[in-house]
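For reference, the structure discussed in these notes is given below.
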Ligand code: AMP
Ligand code: ZN
Ligand code: ZN
């Protein structure tokens with residue numbers, strides 16, 4: 001997909017003939033603002049419908065980082081769910097990375113506000129009693145990997161405590177492709193098997209996950225956020241590695257896509273239809289599902305990786321405490337709304 005600039009601005013929308021704002025070579029379309037947005041929303045709606053999330057009364061927790069992808073996701077979700085009785089609630093985690101985190105929080109809250117969606121904000125340093133960087137240092141692990149582990153845990157714990165039926169994450173098609181190619185290079189097929197457009201819930205241990213932007217590329221998600229006037233932060237996280245493998249894969253795939261339009265969308269669609277196959281190969285169905293003995297949520301062993309990490313670095317497993325904090329927050333919200 002490309003933006004129209006300069007002399008190409010005269011191009012017309014393939015559907016209505018209005019001035020076009022985007023060219024989508026893999027779909028052989030040029031689209032005006034309205035039809036581009038509808039094109040994206042159809043992709044998002046498809047993910048929700050196939051996961052069974054478009055039913056009256058369903059509650060969807062949208063993880064909003066403040067970046068373009070979750071901003072685009074939030075607006076698309078708000079527009080799609082408006083008429084079918086699905087409740088959307090935003091969740092933003094304050095990571096405590098200085099001005100970047102302050103601006104991220106503002107953007108996330110703004111994105112929720114313009115969409116009329118309630119936003120729950122959780123300050124990780126406050127609930128953990130230590131900054132994420134300090135925990136990473138004590139664990140002798142990269143900040144990114146520790147931050148990812150903490151975010152995944154807290155987002156799922158929040159979804160459980162808030163009674164959400166689904167958690168929506170803002171990963172776009174390029175993210176999914178880059179991550180699965182990286183995992184293929186590592187021959188970690190179990191990791192690939194977890195990256196379908198949705199995953200099912202596991203009793204009360206893990207809430208079902210949705211990736212509404214599964215078929216939406218990075219450029220499309222950026223353009224959608226801009227055209228829908230959804231506020232977002234343009235900055236990258238200061239702790240992002242300088243040369244992540246995913247970035248190299250994205251560059252490579254974009255070059256291939258330019259020469260062979262449709263490669264990326266084919267990949268993502270085939271990946272979706274092959275997920276069950278990957279699950280079989282990796283033997284995921286036979287995996288033992290366990291409950292963390294400290295916090296009661298999903299775990300691969302006796303204790304979940306979050307409780308192990310916090311026990312090792314903070315002297316106590318924090319899962320049960322975090323769950324209590326969120327429960328109290330949720331109760332406060334419920335009384336405020338009643
Ligand atoms: P990342 O792992 O940073 O690429 O983010 C992937 C997805 O995780 C985002 O699109 C959001 O849905 C979610 N996410 C990341 N950071 C945050 C945050 N600080 N608060 C809430 N959700 C987040
Ligand atoms: Zn049009
Ligand atoms: Zn635990």
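In case you wondered, yes, glycine gets a Cβ from its N, Cα and C as well.
Where the annotation comes from TrEMBL, it is an automatic prediction and has not been curated.
Pulled from TrEMBL:
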type: BINDING; residues: 13, 16, 32, 35; note: Zn(2+) 1 binding site
type: BINDING; residues: 292, 295, 304, 307; note: Zn(2+) 2 binding site
type: DOMAIN; residues: 12-36; note: domain '2-thiouridine synthetase TtuA-like N-terminal LIM'
type: DOMAIN; residues: 60-224; note: domain 'tRNA(Ile)-lysidine/2-thiocytidine synthase N-terminal'
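Positions of TrEMBL features highlighted on the structure.
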residue: 13; record: Zn(2+) 1 binding site; CB count, 10 Å: 19
residue: 16; record: Zn(2+) 1 binding site; CB count, 10 Å: 11
residue: 32; record: Zn(2+) 1 binding site; CB count, 10 Å: 21
residue: 35; record: Zn(2+) 1 binding site; CB count, 10 Å: 19
residue: 292; record: Zn(2+) 2 binding site; CB count, 10 Å: 23
residue: 295; record: Zn(2+) 2 binding site; CB count, 10 Å: 24
residue: 304; record: Zn(2+) 2 binding site; CB count, 10 Å: 27
residue: 307; record: Zn(2+) 2 binding site; CB count, 10 Å: 24
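What surrounds the Zn(2+) 1 site, by Cβ distance within 8 Å of the Cβ centroid and not counting 13, 16, 32, 35, is the set 12, 14, 15, 17, 18, 20, 31, 33, 34, 36 from the same chain. Across the structure, residue 307 (Zn(2+) 2 binding site) and residue 13 (Zn(2+) 1 binding site) are spaced 53 Å apart at their Cα atoms. For residue 13 (Zn(2+) 1 binding site), the nearest neighbour among the listed binding-site residues (292, 295, 304), judged by C-alpha distance, is 304. In sequence order, 293, 294, 296, 297, 299, 303, 305, 306, 308, 317, 319, 320 are the same-chain residues whose CB sits within 8 A of the CB centroid of 292, 295, 304, 307, the residues recorded for Zn(2+) 2 being left out. In the three-state DSSP reading, residue 292 (Zn(2+) 2 binding site) counts as coil. Mean model confidence of the domain 'tRNA(Ile)-lysidine/2-thiocytidine synthase N-terminal' (60-224) amounts to 96 (pLDDT, 0 to 100 scale).
Here the Cα atom of residue 32 (Zn(2+) 1 binding site) is found 48 Å from that of residue 304 (Zn(2+) 2 binding site). Distance from the CA of residue 16 (Zn(2+) 1 binding site) to the CA of residue 304 (Zn(2+) 2 binding site) is 53 Å. In the domain '2-thiouridine synthetase TtuA-like N-terminal LIM' (12-36), the DSSP tally of helix, strand and coil residues is 7 helix, 8 strand, 10 coil. Checked against ligand 2, the binding-site residues 13, 292, 295, 304, 307 give 13 in sequence order as having a Cβ less than 6 Å away from one of its atoms. Ligand 3 lies within reach of 307 from the binding-site residues 13, 16, 32, 35, 307, judged by a C-beta closer than 6 angstroms to any of its atoms.
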